[in-house]
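Colleague: Got a structure here, written out as structure tokens. Questions coming.
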2 protein chains.
Amino acid sequence: MFRTHNCGELRLQDAGKEVTLSGWVQAGRDFGGLTFVDLRDRYGITQVVFDSDDNAPLAERARKLGREWVIQIAGVVRERTNKNPNRPTGDVEILARELTVLNKSKVPPFTIEDDSDGGDDLRMRYRYLDLRRGPLQKNIIFRSKLALAVRAYLGDQDFVEVETPNLIKSTPEGARDFVVPSRLNEGQFYALPQSPQTFKQLLMVAGYDRYFQIVKCFRDEDLRADRQPEFTQIDCEMAFVTQEDVLNTFEGLTRHVFRKMKGTDLGEFPRMQYDEALRRYGSDKPDLRFGMELIELNNVAQGKGFKVFDEAELVVGIRVPGKADLSRKQLDALTDWVKRPQIGAKGLIYVKFNEDGSVKSSVDKFFDAEALQAWGGAAGAEKGDLMLVLSGEDEKTRKQLGSLRLHVAAEYDMIPTDSFKPLWVVDFPLLEWDEEASRFHAMHHPFTSPKREEVERMLNGDHETMKSLKADAYDLVINGAEIGGGSVRIFDRGLQEKNFQLLGFTPEEAEEQFGFLMGAFEYGAPPHAGIAFGFDRLCAVMNGQSSIRDFIAFPKNNQGRDVMIDAPARIDEQQLKDLNLRVTVEE
Amino acid sequence: MFRTHNCGELRLQDAGKEVTLSGWVQAGRDFGGLTFVDLRDRYGITQVVFDSDDNAPLAERARKLGREWVIQIAGVVRERTNKNPNRPTGDVEILARELTVLNKSKVPPFTIEDDSDGGDDLRMRYRYLDLRRGPLQKNIIFRSKLALAVRAYLGDQDFVEVETPNLIKSTPEGARDFVVPSRLNEGQFYALPQSPQTFKQLLMVAGYDRYFQIVKCFRDEDLRADRQPEFTQIDCEMAFVTQEDVLNTFEGLTRHVFRKMKGTDLGEFPRMQYDEALRRYGSDKPDLRFGMELIELNNVAQGKGFKVFDEAELVVGIRVPGKADLSRKQLDALTDWVKRPQIGAKGLIYVKFNEDGSVKSSVDKFFDAEALQAWGGAAGAEKGDLMLVLSGEDEKTRKQLGSLRLHVAAEYDMIPTDSFKPLWVVDFPLLEWDEEASRFHAMHHPFTSPKREEVERMLNGDHETMKSLKADAYDLVINGAEIGGGSVRIFDRGLQEKNFQLLGFTPEEAEEQFGFLMGAFEYGAPPHAGIAFGFDRLCAVMNGQSSIRDFIAFPKNNQGRDVMIDAPARIDEQQLKDLNLRVTVEE
């Protein structure tokens, strides 16, 4: 037996007990004839003391222990003289009688402390050491408990967790599919699922009524900072429900897990139409933790001879409270920021409403103080506030300003931390017109239903009508992060065919790729709807963090590599031969 | 709102309520002016009645409903005249006032009944209809609840569920790896995990102490009747534990889920050494629901001039109670059965201990009645019993007879159903000598530790010593099915290197493939051990069934194909090009 107790559980009332503990040497120090060792495991840290008066050879051995060595000690619990109130075990220590070194450790390449001195690359390479650090253990354990809480809640509500297959079929839409060559079926490939979408719909056809799954999904795409090729979803589907039922059910889930895991009552979630979110926040996932809403300035800013504004479809601004004191340099930096290609604005105009009542702007040549005060009036600006203004095409400009809003708020610490602001964004468009490719994309996915009252317009409308169709599609946003999204689904073969046609599928392509689903719709498919939450993202947001990587035990880097195990890698010629494959690039 | 209640919840005390139900038309019948419709969903069946006296057009529409149509009805709950005691809702019916057809259905290709008339292929192709059948729904819901129970139990015991990656690295040992070409890393491949073995060990090094995961694993192998290319494990690992701790923990889990899900107390699990299991049952996974142990007959059967026996290393038999009345034809069939290449026996000898006291055998030429009675004595045979005897090399013959034992018991219904007989098989050999390849294989896997007292022999022994090394490796067997297996692991770099060397790895190969793990052992790896349960198998065994396929929502057929979605399939040339691959077989 390696231990009678773990390193986090002994208390004053255990004094006098003979105990055995095992763990890692967190730190050691000598003081007089005593050697103190902090022994650590997942559960906590317990102080062990070796007394050279009591047992000199043992104390001698203890002095030679190194950091991260794995040891087992046996001894007696006793009250500490110098108690450590910051540690649950801080009232006691173990006077050691025995010491066994279970395993030695080389000096770790970085310190195993809450704030490590290791760089990202080093920590990824020795992930098993990084995972020993307190903050990461806390994250990974949080994730495990959150998954349990989600499952218990949904299980109590008659949801059935069904495992859907990982080896499925690639679709031509699936440029981002990972594929898996089959040995038994020569020259053929499976694909890894980007989501279990069609399977969960089939489960509704099969009568499972309420499905969920916490499930790995896969996407082979160029990795942005915070994307992973494999990620985890809380995937759900319900039959005989409306959008209202889905929103209520998953608002219930979300409130439950915040209450259980964070002790926070989120209250009722506000709802906002997609159009309104874009209009007020320049984003389909507005962060409601702070204001700075977009203010349309066409009325007050156009017709004053400033050509840039006069020719723009939209002039729009935000009021940044108390930031009239930004320096020229700071304002230039913001201008540079919006001009970056990712944002794409041509320039940024500012107005300072100074504390002394004066007004100063970058367009003083065109607008006098009175005109600028009119802008301020529109925005509710007060002395000391700053206004930032963009102009151009309506939707594009709103999105640019929406990004700037987030950037300014983050840059100047204007976002309250430890506050959670959930929001349902609803009434998304069904289709998105891709000007470049001259085709429609599905805004959510091809299985999303238009709103019931839109079906007629969809079946009979012209091209412009299609652009304006609204869907029963919805996103859950918390603190400006998209936690999940879903929709009411099409469950009628004819409507699904029409949707594929709008999306540019020939009938043959639609049949070849999704014939099984459309076929299923002919055998008694119930009305159904669903949602999927990004589980990695939910973990991060609940802990006020922005990177999902710290909530994944073994993440890939942004080249999609696991640098610890060195994957992906070349494979044997024989393996390739068995798979009937040849690699067309040199090593 | 599609429903106020589901189809399984209305009772007599609901009489008088206005309700709305949605579901599938299970059956309909007309009787006088009444039309009865059985409305079905996952929760049950409720009778709906349409009265043509009450509403003739509505009743007329109800008469035209077809099987599996999806409908919504509104009406009043009332007491039934003819109650159906076999149905929880059987005391009531709904007098319908409204009827909405939500979706029609074509006539299903097979009946949606507990005993379907559909063949395997048809049911696989329309899996979403097969999944509507009661027995399959029961299985899939059982699986979901079992997973919840497992997670709750392990969670309560401080196990952390950690998701390990699905995109890992292929190993040359991994001839059965599925591989995944990477687009971002040209010419390189990930592999899908056959198990999360190395990751769970790294989690122990990282201090997670108690890990579990219900996780998909993948194996690209020729599929026997009851194998699937993707399958699910309950995967576990613990630090600072001995074999005893692991057995106790997972015996606890197993007893808990049997109690919770089946209402059965399994009692304490017996343990049997691997050697003893082979000796007494000719199997490392003995089915203890019935006797028929192997009886060594060398003493009584050799030296009587029957050359086959005299030259054999072992003569061994089983006593089949009460089967002396098997016909010649039945005995011939058993002889044919053991001579099949899968079993490989040269012949089968029988002895009948007839009810009238006479003895009859297939070797009467060599053995008189007295000699045969000596066999019977050794086996405890009584009047009416049959003995079946094989001879040859020791281990091979025992395994053949072990197979015959199972076959005979199954063939003649001698296995008690509804009984669960668990068994820990322990003390497996560390290594298995492969005569053909002239090399050792790891009996469990290359990370399994020899027993502590064997380490010296392992480090210094000769070839014969290696064959006799025992490991702290164990299997959980229930009713003759291997539910799970595990071992105490090596956590010392030197010992791991030695093991790889015994398994035929060069130091370079070992380093290239498992350097990350051996490296981790140098940074304070704790002693650890683990186990993995086959989750699909556990579901099947708990329900007294032998096929895992009925517990998997969307299984592959035995060519590894999903015939419903038609996967795997050819992929686009463009997709191949993006992956730098060429397929070397024609379509």
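The backbone N, Cα and C atoms fix where each Cβ goes, and this holds for glycine too.
According to TrEMBL, the feature L-aspartate binding site maps to B:Glu173, B:Arg219, B:His444, B:Arg489. Taken from TrEMBL, the feature ATP binding site covers B:Arg219, B:Asp220, B:Glu221, B:Gln228, B:Glu482, B:Gly534, B:Phe535, B:Asp536, B:Arg537. As annotated by TrEMBL, domain 'Aminoacyl-transfer RNA synthetases class-II family profile' applies to B:143-555. Among the features that TrEMBL reports, region 'Aspartate' is placed at B:197-200.
Show me how these features fit into the shown structure, please.
Modeller: The Cβ of B:Arg489 (L-aspartate binding site) lies under 8 Å from the Cβ of B:Gln201, B:Met204, B:Phe447, B:Thr448, B:Ser449, B:His528, B:Ala529, B:Gly530, each on the same chain and at least six residues away in sequence.
Annotation for B:Arg537 (ATP binding site): same-chain Cβ neighbours under 8 Å, separated by at least 6 residues, are B:Ala481, B:Glu482, B:Ile483, B:Ile548. Secondary structure from DSSP puts B:Arg537 (ATP binding site) in a helix.
Sequence-remote contacts of a segment are chain residues at least 6 beyond its ends whose Cβ falls under 8 Å from one of its Cβ atoms, and for the region 'Aspartate' (B:197-200) they are 164-165, 168, 211, 213, 235-237, 445, 447, 514, 516-517, 530.
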Colleague: Using the alpha carbons only, what distance in Å do you get between B:Glu221 (ATP binding site) and B:His444 (L-aspartate binding site) once rounded?
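Modeller: One finds 18 Å between the Cα atoms of these residues.
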Colleague: Cα distance, B:Phe535 (ATP binding site) to B:His444 (L-aspartate binding site), nearest Å?
Modeller: 18
Colleague: Just counting, how many other CB atoms are there within 10 A of the CB of B:Phe535 (ATP binding site)?
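Modeller: Total other Cβ atoms inside 10 Å, all chains included: 27.
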Colleague: Summarise the region 'Aspartate' (B:197-200) as counts of helix, strand and coil residues per DSSP.
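Modeller: Helix (H, G, I), strand (E, B), coil: 4 helix, 0 strand, 0 coil.
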Colleague: Which three-state DSSP class does B:Glu482 (ATP binding site) fall into?
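Modeller: The residue in question, B:Glu482 (ATP binding site), is strand (DSSP, three-state).
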Colleague: Determine the minimum-neighbour residue: among B:Arg219, B:His444, listed as binding-site residues, which Cβ has the fewest other Cβ atoms within 10 angstroms?
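Modeller: Counting other Cβ atoms within 10 Å of each of the binding-site residues B:Arg219, B:His444 gives the minimum at B:Arg219.
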Colleague: May I ask you to pick out the binding-site residues among B:His444, B:Arg489, B:Phe535 with a CB closer than 8 angstroms to chain A's CB atoms, ordered by sequence, or 'none' if no residue qualifies?
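Modeller: Among the binding-site residues B:His444, B:Arg489, B:Phe535, not one has a Cβ sitting under 8 Å from a Cβ of chain A.
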Colleague: Could you give the Cα-Cα distance between B:Arg219 (L-aspartate binding site) and B:Phe535 (ATP binding site), in whole Å?
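Modeller: About 15 Å separate the Cα atoms of these two residues.
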Colleague: Can you tell which of B:Glu221, B:Glu482 has the most other C-beta atoms within 10 Å, given these are the binding-site residues?
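Modeller: Of the binding-site residues B:Glu221, B:Glu482, the most buried by Cβ count within 10 Å is B:Glu482.
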Colleague: Which whole-number mean pLDDT does the model give the domain 'Aminoacyl-transfer RNA synthetases class-II family profile' (B:143-555)?
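Modeller: Residues in the domain 'Aminoacyl-transfer RNA synthetases class-II family profile' (B:143-555) carry a mean pLDDT of 95 in this prediction.
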Colleague: According to DSSP, folded down to helix, strand and coil, what is B:Arg489 (L-aspartate binding site)?
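Modeller: In three-state terms, B:Arg489 (L-aspartate binding site) counts as strand.
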